[in-house]
């Protein structure tokens, strides 16, 4: 038994010692279970109900702070409502994501628009869900290659995340327990291709590598690490398209994010555990109000956040590590 699983069990056992259920929440609990297709054994229901009620309290507290203008983003009860903090951390990348300061192809006289959303060009595929598998790293890599493939061919083809999970173990990745986008890009480059989701579908678990060269739909010639600053990140995003990034996504507020610009006081720029796709930037309100944000695509399904996307503070000292681990491929 792994330490992470052992801790998760301890958290659930601790929930058993919680007070009896708040019966005033019965209807809300039953509705939440229906909406999220949750079924439990009688004993597990007691445990999950206790965890869920604690999360309800946390969300109410956050909402009250919003009313006092202490926050400017919202959170909500979603499919993760019955999960402990440790269980949610197991869904993120357990690998320590670090990179040396990189270089990228810098073009001169690049015009930087005030706002940018690569979704408007059609080069961003629909949001997908990683489920209970900690493969965010693979989703961000596949998504960045999808965008480059569209820019080159005009075809938006969802690529196989499962191909990356199964076939990068020999590169040091840990399948559903985390992996490094850098080594995933290395695999695609060295392997000479990557399959589509249609021929190598997602299973949310590790299986043996079943890649077949004749089914490959894309190759990458090389990939680049963006220097660790937001100015370089913006220039790369404008010039080359959506970028695979990583942030600190370890907080309960992240898993239950609903909308707005995500300000988490405990978010760190040197603790990176969740991969996303950077697709744009903008600002809320008037430009002079300095409410600037980065726009990111997550892999928790469309029910999470703003239809699967989130906004992260921009030009605020590399908030949550947005510029600490950024890469893009070229075909």
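Glycine is no exception: its Cβ is also placed from the backbone N, Cα and C atoms.
The feature signal peptide is assigned by Swiss-Prot to 1-17.
Taken from Swiss-Prot, the feature motif 'Nuclear localization signal' covers 33-50. Model confidence over the motif 'Nuclear localization signal' (33-50) stands at 87, taken as the mean pLDDT rounded to a whole number.
Secondary structure at residue 176 (disulfide bond), as computed by DSSP, is helix. According to Swiss-Prot, the disulfide bond annotation covers 133-176 (among others).
Mapped onto three states, the DSSP output places residue 136 (active site) in helix. Residues or ranges marked as active site in Swiss-Prot: 136 (among others).
The feature disulfide bond is assigned by Swiss-Prot to 167-209 (among others). The number of other CB atoms found within 10 A of the CB of residue 167 (disulfide bond), across every protein chain shown, is 23. Annotation note: residue 167 (disulfide bond) sits in a helical segment as assigned by DSSP.
Just so you know, the Cβ of residue 267 (disulfide bond) picks up 21 other Cβ atoms within 10 Å once every protein chain is counted. In three-state terms derived from DSSP, residue 267 (disulfide bond) belongs to neither a helical nor a strand segment and is classed as coil. Feature annotation from Swiss-Prot assigns disulfide bond to 267-320 (among others).
Around the Cβ of residue 274 (active site), 27 further Cβ atoms fall within 10 Å across all displayed protein chains. For 274 (among others), the entry in Swiss-Prot reads active site, with the evidence type similarity to another entry.
Under the heading active site, Swiss-Prot lists 298 (among others), citing similarity to another entry as support. Counting every protein chain shown, the number of other Cβ atoms lying within 10 Å of the Cβ of residue 298 (active site) is 26.
When the neighbouring Cβ atoms lying within 10 Å are counted for each of the recorded positions (133, 136, 176, 209), the highest count belongs to 136. The local packing around residue 320 (disulfide bond), expressed as other Cβ atoms within 10 Å of its Cβ over all shown chains, amounts to 28. Rounded to a whole value, the Cα-Cα separation of residue 274 (active site) and residue 136 (active site) is 6 Å. Break the motif 'Nuclear localization signal' (33-50) down by DSSP state and the numbers are 12 helix, 0 strand, 6 coil.
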